[in-house]
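Under the heading transmembrane segment, TrEMBL lists B:32-54, B:75-95, B:115-132, B:139-158, B:183-203, B:224-247, B:316-335, B:347-365, B:385-404.
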Amino acid sequence: MSDGHLDLVLRVLDHQIVGPRRELVGKVDDLELSWTADAFVVTGLVVGPGGLSQRLPGRLGAWVGAVWRRLSTGSEPQPVVVPTTQVTDLGSPVELTEAAVEALQRSFGLERWLRRYVVGRIPGAKGGDHDEALDSGDGPATPTMSRADLTEPPVRPPAPGAQWLSALLGAPVLDEDGHRLGDLIELHTGIGNERWTLTHLQVTHSPLGTELGYHADPHQGPALLRRAFRHLQRHDVLVPVGEITEIRTEPARVVVTRSGARRHPHHDATAPRPG
Amino acid sequence: MKKFFAIALGILTAIGGFVDIGDLVANGLVGARFGMSLAWVVLVGIVGICVFAEMSGRVAAVSGRATFDLIRERLGPRVGLLNLAASMAVTLLTYTAEIGGVALALELATSVNPYLWIPVVGAAVWLVLWRVRFSVLENAFGLAGLALIVFAVALWQLGPDWSALWESASRPSLPDGESRAVYFYYAIALFGAAMTPYEVFFFSSGGVEEGWTAKDLGTMRANVFIGFPLGGLLSLAIAATAAVTFFPQSIEVDTLGQLGLPVGLALGKLGIAFLLLGFFAATFGAACETGLSVGYSIAQYFGWQWGKFVEPLRAARFHTVVLLSTIVGVGVLLTTVDPIMLTEYSIVFSAVALPLTYFPILVVANDRTYMGDHANGRLANTLGTIYLFIVGVAAVAAIPLMVLTRAGQ
């Protein structure tokens with residue numbers, strides 16, 4: 001993982017996850033955020049229907065969640081979180097270590113069920129690149145010893161007390177006087193020493209099209225869309241994470257200090273962007 | 001030399017693979033009813049599909065991400081899911097129409113009732129998607145689809161008054177007894193047939209299947225900029241044969257058999273043989289493309305393993321989706337719904353779904369973090385913006401015109 005600046009919503013959330021051999025192993029369905037003693041950091045990627053179901057509206061989300069629980073083994077299924085230490089590369093896809101990929105593949109209830117009871121029973125399901133480990137329908141059932149020795153497992157249940165990014169997105173950001181600065185749409189992160197530390201909150205008055213990237217690159221074309229989104233996002237401001245005094249979920253709310261030099265993201269001089 | 005053949009093969013398959021049941025029906029119908037006065041729409045549609053297919057192919061080659069990956073990434077799970085539902089409804093409808101088209105082509109060849117053919121065709125399509133290698137599938141049906149060139153040969157044999165054809169194409173006017181609303185309804189149908197969303201789903205996912213990298217951009221562009229326009233010329237040839245044969249007599253075309261009649265008139269048995277091969281290959285190939293597209297898009301939204309580059313067991317969810325959509329398609333056809341009518345609806349609804357697909361492609365093709373030097377240039381952006389506007393207008397106008405004209409009555 002190289003060090004640098006990262007816009008979490010634009011560059012990580014909802015991106016494809018791949019393995020070292022370009023296997024496709026899901027989407028970044030949510031991000032797990034935790035407060036440590038000195039910083040607000042990203043601790044993991046939430047992968048799978050357990051995470052996705054909470055971002056889908058109403059009954060649909062409940063339905064996706066119910067199917068996921070039904071197909072999970074164990075009495076109390078927990079959403080799967082991949083620690084950020086397992087991320088080996090961030091490009092258009094998010095690349096994970098071999099161990100994390102294997103652990104994720106074991107967590108896919110629907111894939112394993114279909115493999116065992118539907119697709120595996122049709123003649124010709126095995127191709128030239130067939131791996132005997134798949135014959136049981138899921139691959140190795142328990143991690144090998146060398147992996148069990150690792151200090152941190154390749155995937156884990158959600159950390160207690162952690163917040164999920166999607167629960168904060170769209171939350172109103174207020175200052176201490178109750179004056180509303182706008183809605184939270186993006187979290188800016190600095191990556192260094194294998195740690196993803198949140199640096200700024202981006203706050204807007206018009207949440208339309210925030211995942212499109214026009215706030216990150218002031219020169220992104222085509223000109224017409226650039227102008228339209230620039231106009232919509234002209235009052236966006238960056239609030240340093242140090243100015244947060246309170247973060248609440250249900251209902252989500254972020255309170256920040258009143259003072260502070262806030263600037264538009266396009267005038268971001270301290271954080272050089274890739275590209 | 002090897003590279004030259006690879007490029008030539010790509011172009012030939014692009015030509016042969018361009019025409020599907022939607023293009024066949026729309027062009028035949030419009031040619032018979034409006035002469036060449038809607039030919040301009042085909043040209044507008046071809047430029048549009050070239051612009052966006054090139055963009056999606058470029059993104060797939062440079063970043064390895066196919067179209068629905070980008071839709072989820074840029075529109076988020078909620079809007080992305082809405083988009084998925086709409087696009088998949090249209091693509092599934094098209095898939096159903098293509099399977100019906102294959103059955104109709106087989107009926108023409110054998111005089112066996114199409115409802116006996118439909119389950120056989122469904123099983124055959126699924127078997128191809130289950131076991132046949134991607135490159136074989138693409139090349140075989142693309143090349144066989146080239147047999148549709150008989151329409152161009154037939155047109156030349158019919159010896160039409162070329163200057164009159166050119167006149168009616170270059171100075172479009174409303175034929176007697178047709179209303180403006182019907183004219184524009186069919187304009188949208190033709191446009192939808194040329195720019196169907198599944199074409200970019202399939203094209204970009206196919207690029208990932210074949211492992212394109214930035215080095216393959218030249219080949220990809222040759223396919224798009226030479227293959228697609230020549231395929232579009234085939235569409236025009238179909239419209240022109242119908243315009244020459246049926247338009248002066250005010251005969252309406254509503255079966256696949258009528259559509260092929262001019263070829264029989266001009267070229268006899270041999271022409272019919274090529275025609276039947278062409279019909280079969282074009283619809284069967286497109287059935288494979290649409291069937292795969294349904295699986296590709298759903299898998300890409302959820303991040304599942306997809307593709308024919310891994311054994312089916314590794315992409316169990318993807319193959320289950322393909323299997324289920326085949327069963328649904330066959331089931332719908334067995335309700336004795338008319339496949340030609342299904343095709344007409346599928347191309348009009350395609351027009352409605354167009355902006356959902358093309359907007360995210362345009363945005364990501366501009367993202368210099370992924371695309372680097374391969375991001376959109378000025379020309380791609382100008383054309384992309386203009387076409388975004390055109391597809392927007394077509395999408396908004398499609399349903400009101402459909403209601404107003406009672407689907408072109």
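Glycine is no exception: its Cβ is also placed from the backbone N, Cα and C atoms.
Put simply, of B:32-54, B:139-158, B:224-247, B:347-365, the stretch with the most CB pairs closer than 8 A to the transmembrane segment (B:183-203) is B:32-54. Against the transmembrane segment (B:347-365), stretch B:32-54 has more CB pairs under 8 A than any other of B:32-54, B:139-158, B:224-247, B:316-335. The transmembrane segment (B:139-158) makes contact with the transmembrane segment (B:224-247): 3 or more of their CB pairs lie within 8 A, with pairs spaced 6 or more apart in sequence.
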